[in-house]
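**Student:** Take a look at the following structure, please.
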Amino acid sequence: MLTALSIMLGLAIALGLLLGYAALKFKVDGDPLIAKIDAILPQTQCGQCGYPGCKPYATAIAHGEADINQCPPGGDAGVRALADLLGVEYKPLNGEPKPKSVAFIDENTCIGCTLCIQACPVDAILGAAKHMHTIISSECTGCELCVAPCPVDCISMTPVAETPENWKWKYPTIPIVPVAHQG
Amino acid sequence: MNAIIQFTQKLNGIFKFHGGVHPPGNKSSSTQAPIADVTLPALLTLPLRQHVGHLPKVKIQVGEHVLKGQLLAEAEGAVSAAIHAPTSGTIVAIEEAVIPHPSSLPDYCIRLQPDGKDAWVAHTGQDWRNTERSALIQSLTGSGIVGMGGATFPTQIKLRTDGKSNIHTLVINAAECEPYISCDDMLMRERADGIVQGVLIAQHLMSAEKVVIGIEDNKPLAIAAMQEAVKNTDIQVKIVPTLYPSGDARRLVYLLLGQEIAHDKRSTQEGIQVFNVATMLALHRYFDHGEPSISRIVTITGNVAQPQNFEVLFGTPVSHLLAAAGGVGTDTSHYIMGGPMMGFDLPDANVPVTKASNCIIAASPGLFPSAPPAMPCIRCTRCADACPVSLQPQELYWFAKSDNFEKARDYDLFDCIECGACSYVCPSHIPLVQYYRYAKSEIIATDKAKEAADLARERNEARLARIEREKQERAQKHAERAQGAKKAAEKMVAAADSDQAQTGATADEAKKAAIAAAIARAKAQKEAQAATGEAPKNMAAPSASVQQEIADIDARRAAVGLSEADSPAMQDADKQAKIAAAIAKAKAAKAAAQTGHSATSATSAVVDPEKQAKTDPAIARARAAKAAAEASKNVSELAAPQLTTTASADQEKQAKIAAAIARAKAAKAAAEAAKIAATAGNTDDAKE
Ligand code: SF4
Ligand code: SF4
Ligand code: SF4
Ligand code: SF4
Ligand code: SF4
């Protein structure tokens, strides 16, 4: 009886210590939920969700202050992924996702005011004061934040064209064959 | 029974892989006549994208005359291949044109108009047996040779032996398992010696001990020719049973060597490298004769009058080849590039032949009846029995169909070689491979988007960190300056006294007036210059080109609606205007500093920002903050603790503002300014 008791006690102490150690050793820094939500968001940093970026929106979702369907660039798939992650009901997207675009600066018109650089959340614009500016299109997220500040309206959004490189196979469709042919 | 078959096969040194199918070969029709040459077409179209990897860099210009074999585009980046002129002629265009690709999309192409002379650029072979290996491989980068079996991977990369992988065995793929295609068959029959020379070069480059050529047993003439050619070498020719898809690299390695390569490994990691026979011939031509990759053998078959193999220059339009093969039947519905199992439909018959094109099939409803409508999957697992990679095609189909991509990936979708054996046996006629291709490209696109998102996140975080750092640096600088300016402040107070008249005018008005004055001054100056006929120094004697440039710039500016006041001739005025503006700013600041002397004037100075706050909080914040900060310079520091507790983003700044103004005995007005600053600041911060 006493042996059993002491074994159980010993086990309890040992496991308790182990757990305590593990809790310290493998402590997770920051809020893992925010990081998980942020990983789903498309990082366009466009602010269409009403927050100044994806991370603030992720924080708001994690704190229950924002709905999961406020990010148009994430599309329907994004809402579903968030619903899955958070275990909440899916909601239709609030807003319309646009086709992926990148900004384009008409370099003949640009006066080099640097206003667009200050607006770009991902530093995708290259230029210097009074010099021509240009977009590094591989870095541009298509957030459109640079369009409004430009005083000479020389920034336009161009949809990303389909090339043999980024082309995707389409979902198989069954071709409709006229019946007369088969006879 | 199976065990016995496997045992006898092992005795022959052949190892049968799982699955596989026996589609009708249909090869004999195109092997009746020898390989023929085709006449030069009127125009060659050379897509830049003929290989896996980066696009090459174009080295010629439109209008240039080039010789046969001249470099048109050189390999750029690690994985890339050069492109050479297939014949002599003139470059007529570099433009987008439809390329042979399942997407039917256009891509960059070089258009070459042959001059009919077919004149070679100077070229000689190399003494490859006595040359440094690395030099040989380096020179191969300029050969344009890519895997001719259809994978089009640049050959110089496959031949490069890094320290890690020690290649001991070369496998030469001559199985040619796909129906209809017979180009490798004919190549071996007619050019076996050249192939063997190429194999010897590859063996030398990789210092491989063993070379095995695998040929399917449905090509007896090719086998005989190859066996004859390898007589005095240590190259082995192995005959493998006809079974689709024995031409897949991993299947062939298993067939010939009995070695399975784990799905997450490359064959080179096991010391085995696989090449296509046609690639070997290209190596021979390059090293022994100096000829770059400019042509290949293409099978033209199906619904044509005389199915045959042709030696075709890259860039030749498919329609030209079809005509050479006697023309197509009237009931031709479409054209397939590649074989019927793995090939794709061409967008039209005018696309060019590229390094990857091994076969063109003219399809007709008779040859390729359209598939009956797909029925639901009955879970018969015939597809799984046929799959050479031992996947579960029915599961993959289920996941791909329902867009369950993560599951599809878990079931090793990316190990699928898209051989089509599963679709071939499916009793429900489900186009399985199409689903796999769809799922694969969706997954690849999602992965790319994810990568881009990660990059964007990183860049955004870096930017926010930078802004934060700069803000702190600025705050520190301000603090230092405030300390240093303490003494000077006494003087400023005195000076401000004499400027009392300014207090009535608002800062905005003062600024505007100053700018207007500056512009007026500049105009007067310009007029004076015009009157005296004296041009600004930089306009003394402009050259024609400079004048043209100035005119251009003026035109552009006019186009965007900029006033002439901004023209380059007025740069001086611009500078003056700025100086004037700066002076105005300083005056306004002094005016604000006046708050230290009379509460009424402070109120009048504050009223305006307050009004403005409604229309433009940012400006109001800036102005109020500036005014208050200036005031703080004029007085010795004394904190007002009860005010520093204000909850706001810019606590430090506000504390200073509050303290300064409190000390200036205009507590009421100052508190108001601080409040405006706070509200303006908050709304503005939320906007940022
Ligand atoms: S709308 Fe979406 S992409 Fe745009 S900032 Fe908000 S979370 Fe990011
Ligand atoms: S360049 Fe313009 S559209 Fe592109 S990320 Fe920057 S601000 Fe957004
Ligand atoms: S905002 Fe417009 S004008 Fe200014 S630098 Fe950017 S592109 Fe040029
Ligand atoms: S062969 Fe066709 S019907 Fe049979 S399990 Fe596979 S997909 Fe389903
Ligand atoms: S296409 Fe893919 S799944 Fe189908 S048999 Fe071939 S390897 Fe297997």
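Using the three backbone atoms N, Cα and C, a Cβ is placed for every residue, glycine included.
Note that TrEMBL annotation is computational and uncurated.
According to TrEMBL:
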type	residues	note
REGION	A:1-23	region 'Hydrophobic'
DOMAIN	A:101-130	domain '4Fe-4S ferredoxin-type'
BINDING	A:CYS110, A:CYS113, A:CYS116, A:CYS150	[4Fe-4S] cluster 2 binding site
BINDING	A:CYS120, A:CYS140, A:CYS143, A:CYS146	[4Fe-4S] cluster 3 binding site
DOMAIN	A:131-160	domain '4Fe-4S ferredoxin-type'
**Student:** Cα-Cα separation of A:CYS140 ([4Fe-4S] cluster 3 binding site) and A:CYS116 ([4Fe-4S] cluster 2 binding site), in Å?
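**Tutor:** Rounded to a whole number, the Cα-Cα distance is 12 Å.
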**Student:** Where does A:CYS110 ([4Fe-4S] cluster 2 binding site) sit by DSSP, helix, strand or coil?
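**Tutor:** Assignment for A:CYS110 ([4Fe-4S] cluster 2 binding site) reads coil.
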**Student:** Would you list the other residues of this chain near [4Fe-4S] cluster 2 - those whose C-beta lies within 8 angstroms of the C-beta centroid of A:CYS110, A:CYS113, A:CYS116, A:CYS150 - in sequence order?
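**Tutor:** Once A:CYS110, A:CYS113, A:CYS116, A:CYS150 are set aside, the remaining close residues are A:ILE105, A:ILE111, A:GLY112, A:THR114, A:LEU115, A:GLY127, A:HIS133, A:CYS146, A:PRO149, A:PRO151, A:VAL152, A:CYS154, A:ILE155.
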**Student:** Provide the three-state secondary structure of A:CYS116 ([4Fe-4S] cluster 2 binding site) computed with DSSP.
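**Tutor:** Once the DSSP labels are grouped into three classes, A:CYS116 ([4Fe-4S] cluster 2 binding site) ends up as helix.
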**Student:** Within 10 angstroms of the C-beta of A:CYS110 ([4Fe-4S] cluster 2 binding site), what count of other C-beta atoms is obtained when all protein chains are considered?
**Tutor:** 20
**Student:** Return the count of C-beta atoms lying within 10 angstroms of the C-beta of A:CYS116 ([4Fe-4S] cluster 2 binding site), excluding that atom itself.
**Tutor:** 24
**Student:** Using C-alpha positions only, work out which of the binding-site residues A:CYS110, A:CYS113, A:CYS116, A:CYS150 is nearest to A:CYS143 ([4Fe-4S] cluster 3 binding site).
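**Tutor:** It is A:CYS116, whose Cα lies nearest.
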**Student:** Could you check which of the binding-site residues A:CYS120, A:CYS140, A:CYS146, A:CYS150 have their CB within less than 6 A of ligand 3?
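**Tutor:** Those binding-site residues that pass the cut-off, since their Cβ is under 6 Å from ligand 3, are A:CYS150.
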**Student:** For the region 'Hydrophobic' (A:1-23), give the DSSP counts of helix residues, strand residues and coil residues.
**Tutor:** 22 helix, 0 strand, 1 coil
**Student:** Between the binding-site residues A:CYS113, A:CYS140, A:CYS143, A:CYS146, A:CYS150, where is the Cβ count within 10 Å the lowest?
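**Tutor:** Selected from the binding-site residues A:CYS113, A:CYS140, A:CYS143, A:CYS146, A:CYS150 on minimum Cβ neighbours within 10 Å: A:CYS113.
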**Student:** Running a distance check here. Ligand 2 versus the binding-site residues A:CYS110, A:CYS120, A:CYS140, A:CYS143: which have CB less than 6 Å from one of its atoms?
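**Tutor:** Those binding-site residues that pass the cut-off, since their Cβ is under 6 Å from ligand 2, are A:CYS120, A:CYS140, A:CYS143.
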**Student:** So if I measure Cβ to Cβ from A:CYS120 ([4Fe-4S] cluster 3 binding site) and keep only same-chain residues at least 6 apart in sequence, which ones fall under 8 Å?
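**Tutor:** Within the chain, A:CYS120 ([4Fe-4S] cluster 3 binding site) has Cβ neighbours under 8 Å at A:LEU145, A:CYS146.
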**Student:** Looking only at the domain '4Fe-4S ferredoxin-type' (A:131-160), report the model's average pLDDT.
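**Tutor:** 91, rounded to a whole number.
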